[in-house]
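Please read the structure below before turning to the comments.
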Ligand SMILES: [Zn+2]
């Protein structure tokens, strides 16, 4: 399976629409054009006390344009000291010079690399990592009281490694982290090995499914591990500070049941395992990464206050991580489905119909300004709560239009088709139209629903079954 994914998913830019210009409209950052990164091998050393990171990032690339030079994203707090290039199949690739400016690492080659070459770059770098200031807060590598966390959505990844930081460029990863004992290192993917030498331990993780750079994470802290799943199921674990053991058990008691429910509704869990990390520090909001989610100590009160968000973050493994975004304006595809997944959880666990949840949030939305187009909310409002709630209501409108069984059949088909890739709204619409056709629902009804909910600011009427 792995070889398959590698060849079908990593040879091309994954979007179906053309690359929109040379700059990401939402982040304001220039695209790094002309190549794909097939895989990253990140070998980093991190000293917890002084907050010092040094490492070598080895990127395997191929280019779809002749390259005399190229760029990667890397924060100025990380300084590159050396880059070694290696070609393949008889091509010599040599770096003439490099420099860092404007959040970019600019590499010039001694000779132009012919189109469709494969080559690798070993980039040695070091620095004191710190979060990247952005319109969406400080994101990326963040020093904690006793460790570190990484939460990068949308542009924080260059705070800790050189990358092509755009959501539709997925790659495979090996992440090797050496840090001081007794700190635990949790990373995306599966633990391959763990070796202690002297006062340090090296943790080697492998990410066997394509991953967007913003979903790569490293979590370092003095954590103990709790098993949350039944034997034979997808392993579900929690990494928590020892003193939060009991309250975390209580708070995450239903985590494995949530995973079972979403597997039934959406299709197989897309990764090998699921972990939740609880930091000693308090966090404003929980954060998603591929295969794991991060909560603050303030989210663990032992009284199920945060059940909603525990469900929400898990559902991002399907919507956002396996089915990634081609571009940030489609963020409703992530957050609409994650918010709707909360309603689905309460429908199944507490008998509260999603229609009731939808009605409650519809009434709230009706009282808010209706000046947002959720298919393109603009960078300032991309994480606006209205994108989440109206996105979820759009999903509900589709369910009401199709009826339960056809809706979930359509949804499982959409999830399977887009697994480990990127999706665009048109991919969902295609599946909805297909299902509607089998029910003899006129195409125009689907198109009207689509336009009303996604492309116009005014709130449509609350979804009612067809008369
Ligand atoms: Zn979310």
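Glycine is no exception: its Cβ is also placed from the backbone N, Cα and C atoms.
Predicted automatically and left uncurated, TrEMBL annotations should be read as such.
For reference, TrEMBL has these:
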{"type": "DOMAIN", "residues": "39-215", "note": "domain 'Aminopeptidase N-like N-terminal'"}
{"type": "DOMAIN", "residues": "255-453", "note": "domain 'Peptidase M1 membrane alanine aminopeptidase'"}
{"type": "BINDING", "residues": "312, 316, 335", "note": "Zn(2+) binding site"}
{"type": "ACT_SITE", "residues": "313", "note": "active site, proton acceptor"}
{"type": "ACT_SITE", "residues": "388", "note": "active site, proton donor"}
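Overlay of TrEMBL annotations on the structure.
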residue: 312; record: Zn(2+) binding site; contacts (Cβ under 8 Å, 6+ apart): 286, 338, 339, 341, 342
residue: 313; record: active site, proton acceptor; contacts (Cβ under 8 Å, 6+ apart): 276, 286, 287, 288, 293, 295, 338
residue: 316; record: Zn(2+) binding site; contacts (Cβ under 8 Å, 6+ apart): 288, 293, 334, 338
residue: 335; record: Zn(2+) binding site; contacts (Cβ under 8 Å, 6+ apart): 383, 387, 388, 391
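Taken together, the residues of the domain 'Aminopeptidase N-like N-terminal' (39-215) have an average pLDDT of 97. Among the recorded positions 313, 335, 388, the residues whose Cβ sits under 6 Å from any atom of ligand 1 are 335. The number of other Cβ atoms within 10 Å of the Cβ belonging to residue 388 (active site, proton donor), over all protein chains shown, comes to 23.
Under DSSP, residue 312 (Zn(2+) binding site) is assigned to a helix (H, G or I) in the three-state scheme.
Residues 312, 316, 335 make up the record's Zn(2+) site, and a Cβ search at 8 Å around their centroid adds 288, 313, 315, 319, 320, 334, 337, 338, 339, 341, 388 from the same chain. When secondary structure is read from DSSP and collapsed to three states, residue 335 (Zn(2+) binding site) falls in the helix class.
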